[in-house]
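Enquirer: Just passing along the structure, written as structure tokens.
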Ligand SMILES: Nc1ncnc2c1ncn2[C@@H]1O[C@H](COP(=O)(O)OP(=O)(O)OP(=O)(O)O)[C@@H](O)[C@H]1O
């Protein structure tokens, strides 16, 4: 089921004027503060009546201003998860979860299934006051799922959590993406979340869509880098765990060769998504020798974009994947880099942090 959105709306000096599609999976709406993300979410939810627009979910029309159709929010069957969990403090976790059921006549999703998916079985008799921020958010997601929504809206669900709590909840969001058929529209301004979760990426700037498409392709697009943030830029690679080695490294197979990374928490055979920061990739024309860096992948330059300053962003094909390398223009010139040139991409193992490693769609179950 695909969500199709096309909107025009003016708030004084600010205007939304955009269209995008959110296919199954997680579509991240990414943009700076004030770019219009929350206004889009409000329009999809039915809380904002656009001046002009059409919003449909599969073959259900939620809004069509030309036909004066505006389905009220409570009839849209949309689940919400906000920055703060907004649980009822006087109800237990079980009571909060079952509250979600009030909004559906169907009740076909078993409570046990949602409890297992989110790992909240041990919390059922506790009240929200006795939960961590990450646990509260998992319960809020469970409550939303039990109302059996046709679409889940998540507005910066991790923004209020510290890094440790974010790391704890991300694997559950990955499971949600891969194991629940409900499409998710997810608002974020954190590229780390995009790299871990997004199937589709929609970038907003000043009320307009500047880039939209499959997340892996956009994250590797040098033209999208200024909108995504240069320091954070980086591509994602799919990698399969081959084996854990005795010295604490894990060997992974990528389409362009082999990677050695600090031990990853996944069983051999698991399919992972690895974020490779552009600024951690070095390039060499000759086969490098005598380097401490363990990862050397043969690559071919596919495009190169000069920055305004001394930097350049190089896109390379490595096997069937695309990666980005951020280097200086001086080095790009010295190496004679241009599309079609063969080179070697060099990556230190320790440049990839645990948070850069996530589960990929269709992954085998992860180990502990
Ligand atoms: N009801 C309103 N009346 C007037 N202006 C509004 C209204 N709602 C939003 N705006 C303006 O529209 C612009 C986009 O706001 P919006 O909240 O959609 O952005 P955002 O990307 O979600 O930002 P943030 O990440 O800070 O929440 C802002 O300039 C905001 O001031």
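Yeah, the Cβs are placed from backbone N, Cα and C, and that goes for glycine too.
From TrEMBL, for reference:
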DOMAIN    1-231  domain 'ABC transporter'
DOMAIN    290-356  domain 'Mop'
Enquirer: Tell me, what is the mean pLDDT of the domain 'Mop' (290-356)?
Expert: 93
Enquirer: Take the domain 'Mop' (290-356) and count its residues per DSSP category (helix H/G/I, strand E/B, coil), listing them in that order.
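Expert: Counting residues per DSSP class in the domain 'Mop' (290-356), I get 13 helix, 34 strand, 20 coil.
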